[in-house]
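Student: The structure under discussion is supplied below as structure tokens; questions concerning it will follow.
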Amino acid sequence: MNHFPKLLSSQIGFDVAQTMLEYFDRHYRIFREAAVDAKTLFERGDWHGLQRLARERITSYDERVKECVEVLEDEYDAENIDDEVWQQIKLHYIGLLTSHRQPECAETFFNSVCCKILHRSYFSNDFIFVRPAISTEYLENDEPAAKPTYRAYYPGTDGLAVTLERIVTNFQLDPPFEDLTRDIGCVMQAIDDEFGHFDEAPNFQIHVLSSLFFRNKSAYIVGRIINADRVLPFAVPIRHVRPGVLALDTVLLRRDLLQIIFSFSHSYFLVDMGVPSAYVDFLCTIMPGKPKAEIYTSVGLQKQGKNLFYRDLLHHLSHSSDRFIIAPGIKGLVMLVFTLPSFPYVFKIIKDHFPPPKETTRAQIMEKYQLVKRHDRLGRMADTLEYSSVALPLARLDHALVRELEKEVPSLLEYEDDKLVIKHLYIERRMTPLNLYLQNGSDADVEHGVKEYGNAVKELMKANIFPGDMLYKNFGVTRHGRVVFYDYDEIEYLTDCNVRRVPPPRNEEDELSGEPWYTVGPHDIFPETYGPFLLGDPRVRSVFMKHHADFFDPALWQASKDKLMQGELPDFYPYDAALRFSVRYPARFGATGENDGAGDAQRAA
């Protein structure tokens, strides 16, 4: 520190620090209670309750921050506390965290509160946690009644089948399994199919995280197999095959499959973690290369993920020299998008003004982004990180980008010494725009992209999402080849839309008209009219009609809306339906097995 306090003499400093930690502890207690409730809701098959719980948990953090800020302002006149006391507040807070089990998350909470009270000129390590102060290495909950982060199992003692069954039954799920012996046999067959015969080394063991990961209609067992110097990841989704009866749906044994279920395009898991850093460290061992920021976000600690991401950005800026540039591709009417080529993300800013035909406001667009944050993204909508007062070094901004910023978003800019402060922006994973992917791709790429696009829109439809603007430029292709939607300014709930057929033309003049001859309400959608915008390229048209000819039939859209209006929640799988045991090993299921994965079995990733 520049002016390190020699004595922690301020009682107010201690009281403020203690109050802030009390509100963080309240937040984390609610966070853990949500994961415990998720287990109960999963056991009951209360899918609507699980959706509601996930939505409520997302807003809980900001509610606790708001409550804490109000208390500090009312009881301690926080805005007028002097600099030396603020430094003491941070030091007292560090002292209170020395034996805390979520210190990194508590530091982030401290930052969130301070950023509501202090001017951004105080956003330095003197006053907030620009860098972490408390180490999380080897952190564990050592209370006698506490669950360990993970449990170790040794198949060499009792055999693999017995060990796998013990792993499943140790989670003590209330509903019975349809046939756990059958399912364990499927797991062993899948392991054999993937790895073949292998010799068991003396250290052969299985590590399993002690809490289940809940999302959608699944509960995931997550762990790793260790044999000699190999570390093999796995995840086993548990699902209801019918009300009150469970089954192991598959086992995912490849790192890329785990990276997909933990990806930025899926909703956050509900998982009970006494020591979140220990869970994240474990997940890093089975998904090396995946940023910790993304892992924290995927397990529901999105504010911690956001904090780590910003630290990653600052670190990258200090170790790179390229410039931020306008993102390649077709410019949007609503958002200004730029990127740093050496950093795999895009930065999106809502423009000050929108040209016709756009009729919207900044507040409406921000609400659309919140809608996506709260909604089940199913692996088909990109998550966004929302930031305020982001300071970027002017020397790293391309001149063309600066001119574009000054033209399109002058109200959001503030020059501060050698930095440009952007008052509000969103950050997303960078993807290849689907229109460029189709334009530049091989025939095989076009087939893959078009098939994925149709699947993505149909899955969003079943999840009650109408994308609005469905042009290819509003979708991206991830590094795993998945098509993901990322332009949200026209997004609507499908249940709020009026699906219509185009009325027949009344005469030849109507037929030749370039304008609709029928009235169009603000929520009317006409699937029959999408063809001219999507099928202009002959290669695309051929593949589209091969895989998704029903896309332009209003009956498809209306059927999804009707099911949603009846309260039906379709099944979605963040892995190929062909991996499901009932599909992969049908002989093991016989007449009692599930169907072949058609119908509601949708691939959501």
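Glycine residues also receive a Cβ, built from the backbone N, Cα and C atoms like all the rest.
As listed in Swiss-Prot for this protein:
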ACT_SITE  Asp383  active site
BINDING   Ala327, Pro328, Gly329, Ile330, Lys331, Gly332, Leu333, Lys348  ATP binding site
Student: At its widest, how many Å does the recorded ATP site span between Cα atoms of Ala327, Pro328, Gly329, Ile330, Lys331, Gly332, Leu333, Lys348?
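Tutor: Largest pairwise Cα separation, rounded: 15 Å.
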Student: Between the Cα atoms of Lys331 (ATP binding site) and Asp383 (active site), what distance do you get, rounded to the nearest Å?
Tutor: 21
Student: These are the binding-site residues: Pro328, Gly329, Gly332. Which one scores highest on other Cβ atoms within 10 Å?
Tutor: Gly332
Student: If you skip the near sequence neighbours and keep only those at least six away, which residues in the chain come within under 8 angstroms of Ile330 (ATP binding site), Cβ to Cβ?
Tutor: Pro433, Asn435, Lys473
Student: Between Ala327, Leu333, which of the binding-site residues has the fewest other CB atoms within 10 angstroms in the structure shown?
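Tutor: Each of the binding-site residues Ala327, Leu333 was scored; lowest Cβ tally within 10 Å is Leu333.
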Student: Between Leu333 (ATP binding site) and Asp383 (active site), what C-alpha distance do you get in Å?
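Tutor: Answer for this pair: 21 Å between alpha carbons.
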Student: In the structure shown, which of the binding-site residues Lys331, Lys348 has the fewest Cβ neighbours within 10 Å?
Tutor: Lys331
Student: Between Ala327 (ATP binding site) and Asp383 (active site), what C-alpha distance do you get in Å?
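Tutor: That comes out at 18 Å between the alpha carbons.
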Student: In sequence order, which same-chain residues at least six apart have a C-beta under 8 angstroms from Asp383 (active site)?
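Tutor: Non-local contacts for Asp383 (active site): Phe264, Ser265, Thr297, Val372, Lys373, Arg377, Glu428, Arg429.
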Student: Tell me, by DSSP, whether Leu333 (ATP binding site) is helix, strand or coil?
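Tutor: DSSP call for Leu333 (ATP binding site): coil, neither helix nor strand.
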